[in-house]
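TrEMBL has this to say about the protein:
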type	residues	note
REGION	43-73	region 'Disordered'
DOMAIN	290-329	domain 'RING-type'
DOMAIN	351-380	domain 'RAG1-type'
DOMAIN	389-456	domain 'NBD'
DNA_BIND	389-456	DNA-binding region
Amino acid sequence: MAVSLPPTLRLSPAPDEIQHPQIKFSEWKFKLFRVRSFEKAPEEAQKKGSSEGNPYLEQSPVVPDKPGGQNSTLTQRALKLHPKFSKKFHADGKSREKAIHQARLRHFCRICGNPFKSDAHNRRYPVHGPVDTKTQSLFRKKEKRVTSWPDLIARVFRIDVKADIDSIHPTEFCHNCWGIMYRKFSSAPCEVYFPRKATIEWHPHTPSCDICLPTHQGLKRKRHQPNVQLSKKLKTVLNQARQDRQRKRAQARVSSKEVMKKISNCSKIHLSTKLLAVDFPAHFVKSISCQICEHILADPVETSCKHVFCRICILRCLKVLGSYCPSCRYPCFPTDLESPVKSFLNVLNSLMVKCPAQECNEEVSLEKYNHHVSSHKESKESLVHINKGGRPRQHLLSLTRRAQKHRLRELKIQVKEFADKEEGGDVKSVCLTLFLLALRARNEHRQADELEAIMQGRGSGLQPAVCLAIRVNTFLSCSQYHKMYRTVKAITGRQIFQPLHALRNAEKVLLPGYHPFEWQPPLKNVSSRTDVGIIDGLSGLASSVDEYPVDTIAKRFRYDSALVSALMDMEEDILEGMRSQDLDDYLNGPFTVVVKESCDGMGDVSEKHGSGPAVPEKAVRFSFTVMRITIDHDSKNVKVFEEPKPNSELCCKPLCLMLADESDHETLTAILSPLIAEREAMKSSELMLEMGGILRTFKFIFRGTGYDEKLVREVEGLEASGSVYICTLCDATRLEASQNLVFHSITRSHAENLERYEVWRSNPYHESVEELRDRVKGVSAKPFIETVPSIDALHCDIGNAAEFYKIFQLEIGEVYKNPNASKEERKRWQATLDKHLRKRMNLKPIMRMNGNFARKLMTQETVDAVCELIPSEERHEALRELMDLYLKMKPVWRSSCPAKECPESLCQYSFNSQRFAELLSTKFKYRYEGKITNYFHKTLAHVPEIIERDGSIGAWASEGNESGNKLFRRFRKMNARQSKCYEMEDVLKHHWLYTSKYLQKFMNAHNALKSSGFTMNSKETLGDTLGIEDSLEIQDSMEF
């Protein structure tokens, strides 16, 4: 028999030209005698044809079919012209029925069996043939080689359509199945499920074929149009009927609850909510009670649809009623049941309940209830074994195995019955659990931990988190770690290190997308889902023909999910800070979290291996750092957390990685725009996150200070650094800055740059190019990232060192006497300086100034070495004084807290900067007459104002993001997956784990033990062939 369909989805009767005479006879017979047997459809057809809801799928640019009337007309013409319907075949009834059956098959989906008319757009796709353009572009991006629909259907639905027969199987499938296949291979964070439990089986045509039966077995009378103005009596009757239907539905729901309670039958083993010691609100009592038995949750489990039940109740209901959730009817199986979050279990176990015993009026926590009740049972008189003569009763362990079996026979039978009834016959797990509980009851936790580790397959070695920290911090690939794991296990005979699957489970807790959270109000244009991990950097980008083609590979986390994961990673530090401030029970206003954002290009990251599309081998990383967390308490701003090393790569968490050039404005805008949209949405909302078992509120302040000058000009729409407008903080031109070196103030802002861009775009005053450029002060593109006007301390130091390097060359050539030197002479001065610095200071020549060279160059020893090449004593004094002033000013913008680290230099900064500017305009006038470098201008003019506003410059620099560049290359070598798409995912994941404070604590403890020379007692470890520290030393010394 063919597919059974619901009555509402049956097809219209076949055209008159091909209808069988028996069909018309049945209609005529129905008109005469009103045969009621034709009115009821078979029960089997109704069961098989129950309607199921289709998930929402995105619309595809498929050309829809024409309306139903035109389709039917075309079908009739096609059937008339078809050779099977000629006069030759009219005589054969079976051939006609097969032709009707084949014509009706064209209206059904090959995969799910649903009719095409259920789709408003009537979109369909051929089963045999190449994939469409949209799916093909997706596979090219994902580097897949599937090119035809049969291969794709076989991979997704496990259906072989290559052997299909047109007279039995439909030749097209619906848009719903197409969407399932598309979502299967795309990175869309959306759940897609197949609308049926199993695929459809198609059979040849039979006389009782459901496809060929008409929609109704007979014809109905024509109904008269109801009168709009009904009488009052008729309205009353209708309202009464409606109320009766609602009452019957309510009674059906109540009866279903009663049935489930009878199935669970747990009134004797579960506690009623009436035993709660506190009169909680009704909604709270409902949240801690089972939705089946309405008792307090016992051994709670959570379904995939986030409903909570007692384990026994849900297993019994699933066994009796079927595999669906009793609350929402969502498909649910015993394997989908998971334990709720730890915070919920802590709240549940801390509830106080009354003891039901008559002589006891105590209130105990739910966690200690069983122990309390067992004390009542022990106090009662119980039967005690009496030895009636014979030899003394021996201890159980001293008996033979046969005697032990005989004594424990009844207990073994009871345990086996319980295991068969509740645990699917797993007697071993029941016995181990009993032993584990007995050890816990006697406070023998060490043996209990070892037993629990053996039960979970972890052995008694290191925790998975410790092994994960070792792997990430030593940059071991999967194969290297697995080789170390097997080697140590073979040598010691113990499982000290955990297998890779245990490490992957430990990763899930530390990566974004694990912890649930909520925003109040909800974020605009951001999904409310919380289980979002690594996503494609181009997801959500609307592509069209006229837009700029984005040819890059980018992976990122969702901003809000990454912030939640970072906060939960710092949970212990935050709670410790609250305890130190005596704010353990703080539940009032929100926590204020200050976040530093950084973005910078990593230069050339090309590798010899790898495959994939042709993409630029330059990378860009966007990252953030949680700088501090404060609380408004008693009209004071109390600090509960502050990052001790804000410029370390260990606290700079990666948010987005892309293979692109930072100079490519279009690509940078396309990838970072979703991040900026999420950040703007979070500014006006508050995060609701459970931390320490309490729901807490967080609000965020974002400060974009970790950008170098090139990227600031890129994202704020300013002209390049060689522009007339020298500074990104003020509106001064290069000439104005050289004439007035010190006295400038910060005037630029993101809002003002946006206004100036609108003026540049619209030119409302109809000015010339030069006049318009002077009005907008160098703004030539639309700003798309809000940055805080500041100085990048690292690049400022490098830029100033490059300028001193140039001054040394000019002093060697005595340019103050001969300013018109040739290019060859200037190269000779540079070669002389490089040779002398290599000889005296061991400084090797470099092509481009970097941080290490600048750190060694900017010293008084370097100036003394350069003075050996300069004959004039007057120039020696000028150079020494210039370097001395610079070294006094440098700690002010390099230190994380200048008020504590260098208060004297901070107080003298204004004087030193004015003296430095005076030297530049007098002794070194030959170079700084009418011009000044960008970083010299910022150093002399804007440092005191930024220090007064932010308290520091060095803490807000991009040094942490810069120091993370070497991590990108090291993590890239870790991964063996050749595809760049997956490689970026692995690099982003391992870089995030590298910055986890939870994993850093394990490595710090291990390093502290090694540095202190910790040794284990030989007597204690006599039975161990290899200790934990020895295994770690093996791992450190192992060569791969």
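Any Cβ shown, glycine's included, is placed from N, Cα and C.
These numbers come from a predicted model, not from an experiment.
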Long-range Cβ neighbours of the domain 'RING-type' (290-329) (under 8 Å; 6 or more residues past either end): 260-261, 263-267, 269-273, 275-276, 336-340, 344-345, 348, 351, 353, 366, 422
Taken over the DNA-binding region (389-456), the model's mean pLDDT: 78
For the DNA-binding region (389-456), the number of residues DSSP places in helix, strand and coil: 50 helix, 0 strand, 18 coil
Composition by DSSP (helix, strand, coil) of residues within the domain 'RING-type' (290-329): 11 helix, 9 strand, 20 coil
For the domain 'RAG1-type' (351-380), the number of residues DSSP places in helix, strand and coil: 14 helix, 6 strand, 10 coil
